[in-house]
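Colleague: Per Swiss-Prot, the feature transit peptide maps to 1-35. Summarising the annotation, Swiss-Prot assigns N2-acetylarginine to 36. Residues annotated as phosphothreonine in Swiss-Prot, with experimental evidence given as evidence: 38. Annotation comment: Swiss-Prot describes 58 as chlorophyll b 1 binding site. The annotation chlorophyll a 1 binding site is assigned in Swiss-Prot to 80, 86, 99, 220 on the grounds of similarity to another entry. According to Swiss-Prot, the chlorophyll a 2 binding site annotation covers 102. Taken from Swiss-Prot, the feature chlorophyll b 2 binding site applies to 104, 153, 183. Residues annotated as chlorophyll a 3 binding site in Swiss-Prot, with similarity to another entry given as evidence: 137, 147, 215. For 157, 173, the entry in Swiss-Prot reads chlorophyll b 3 binding site, with the evidence type similarity to another entry. The feature chlorophyll b 4 binding site is assigned by Swiss-Prot to 165, 176, with similarity to another entry given as support. Taken from Swiss-Prot, the feature chlorophyll b 5 binding site covers 165, 263, and the record attributes it to similarity to another entry. The annotation chlorophyll a 5 binding site is assigned in Swiss-Prot to 214, 232 on the grounds of similarity to another entry. Feature annotation from Swiss-Prot assigns chlorophyll a 4 binding site to 218; the stated evidence is similarity to another entry. Taken from Swiss-Prot, the feature chlorophyll a 6 binding site covers 247, 256.
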């Protein structure tokens with residue numbers, strides 16, 4: 001039977017197109033007709049600038065045409081994939097999962113790098129407030145006290161800390177991948193909701209869709225921030241807050257360009 005498209009008039013399908021193709025519509029020997037309906041997936045909240053074909057693109061009005069597989073259905077899709085990393089649907093799904101998980105870890109990590117140093121500069125005592133130096137306290141004579149309190153966790157073995165981290169983080173990731181754990185089962189492994197949404201932020205679908213975009217935007221910034229913190233630690237040997245204070249005090253001599261020239265051959 002030739003492929004055809006018809007609009008159903010019933011309220012349940014009003015305004016939706018139903019496609020009949022040779023593979024989905026066949027006249028059987030008994031004279032019965034078998035049909036399969038195909039309804040397009042929702043593109044996101046109506047009127048949102050972050051979803052759909054008219055969404056915000058990576059270069060705004062100067063953006064070229066987006067690849068056909070980037071339809072604006074998912075949060076954070078700005079229509080840019082020069083390397084074709086999202087062309088395969090399974091790879092795309094896996095990369096989306098990895099990006100969201102790494103974004104969340106990066107946001108926590110960036111906060112952990114900055115906050116102790118801010119507290120230390122405002123009079124709160126730490127054994128070591130700089131993030132990349134804190135772990136080395138475990139090799140000191142007194143070991144490492146979490147939050148400076150020996151009654152919480154008094155660590156003196158790097159192997160014990162490593163094993164504890166593997167067990168705890170492995171358990172959390174195992175529960176996430178399996179979709180079940182002490183807090184119940186989750187249908188969506190990236191956005192489980194339920195006990196993980198005690199404030200009910202995801203109850204409104206349109207607000208939830210906007211929050212997904214905000215999470216990815218902040219997560220991507222956090223991943224770049226963590227990369228910058230690593231580079232700063234290697235080049236200056238200082239934490240991010242101290243580097244910022246040095247730059248504000250003397251921006252001419254304390255900036256990325258000034259430090260980059262230190263690595264020029266022959267200098």
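Every residue, even glycine, has its Cβ placed from backbone N, Cα and C.
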Colleague: If you count CB neighbours within 10 Å, which one among the binding-site residues 58, 80, 263 has the smallest count?
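Modeller: Looking at the binding-site residues 58, 80, 263, the Cβ with the fewest others within 10 Å is that of 263.
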Colleague: Give me the Cα-Cα distance between residue 232 (chlorophyll a 5 binding site) and residue 256 (chlorophyll a 6 binding site), rounded to a whole Å.
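Modeller: Taking the Cα atoms only, residue 232 (chlorophyll a 5 binding site) lies 9 Å from residue 256 (chlorophyll a 6 binding site).
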Colleague: List only the single closest residue to residue 165 (chlorophyll b 4 binding site), chosen from the binding-site residues 58, 86, 137, 218, 220 by CA-CA distance.
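Modeller: Closest by Cα: 137.
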Colleague: What is the one among the binding-site residues 214, 247 whose Cβ has the most other Cβ atoms less than or equal to 10 Å away?
Modeller: 247
Colleague: Around the chlorophyll a 1 site formed by 80, 86, 99, 220, which additional residues qualify by having Cβ within 8 Å of the site's Cβ center?
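Modeller: Here the non-site neighbours turn out to be 76, 77, 78, 81, 95.
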Colleague: Using a 10 Å cut-off, grab the number of neighbouring Cβ atoms around the Cβ of the residue listed as 'chlorophyll a 4 binding site', all chains included.
Modeller: 16
Colleague: Nearest by CA distance to residue 215 (chlorophyll a 3 binding site): which of the binding-site residues is it, out of 102, 173, 263?
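Modeller: Looking at Cα distances from residue 215 (chlorophyll a 3 binding site), the smallest one goes to 102.
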Colleague: Measure from the Cα of residue 214 (chlorophyll a 5 binding site) to the Cα of every one of the binding-site residues 104, 157, 173, 176, then give the nearest.
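Modeller: If we rank 104, 157, 173, 176 by Cα distance to residue 214 (chlorophyll a 5 binding site), first place goes to 104.
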Colleague: Hey, what's the widest CA-to-CA gap across 80, 86, 99, 220, the chlorophyll a 1 contacts in the record, in Å?
Modeller: 17
Colleague: Nearest to the residue listed as 'chlorophyll a 2 binding site' by Cα distance: which of the binding-site residues 86, 153, 247, 263 is it?
Modeller: 86
Colleague: Between residue 137 (chlorophyll a 3 binding site) and residue 157 (chlorophyll b 3 binding site), find the distance joining the two CA atoms and give it rounded to the nearest Å.
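Modeller: Cα of residue 137 (chlorophyll a 3 binding site) to Cα of residue 157 (chlorophyll b 3 binding site) measures 11 Å after rounding.
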Colleague: Report, in whole Å, the straight Cα-to-Cα distance of residue 104 (chlorophyll b 2 binding site) from residue 173 (chlorophyll b 3 binding site).
Modeller: 13
Colleague: So among 80, 99, 153, 218, 263, all listed as binding-site residues, which is physically nearest to residue 176 (chlorophyll b 4 binding site)? Use the C-alpha atoms.
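Modeller: So, spelling it out, the nearest of the binding-site residues is 99.
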Colleague: For residue 247 (chlorophyll a 6 binding site), which of the binding-site residues 80, 86, 104, 218 has the nearest Cα in space?
Modeller: 218
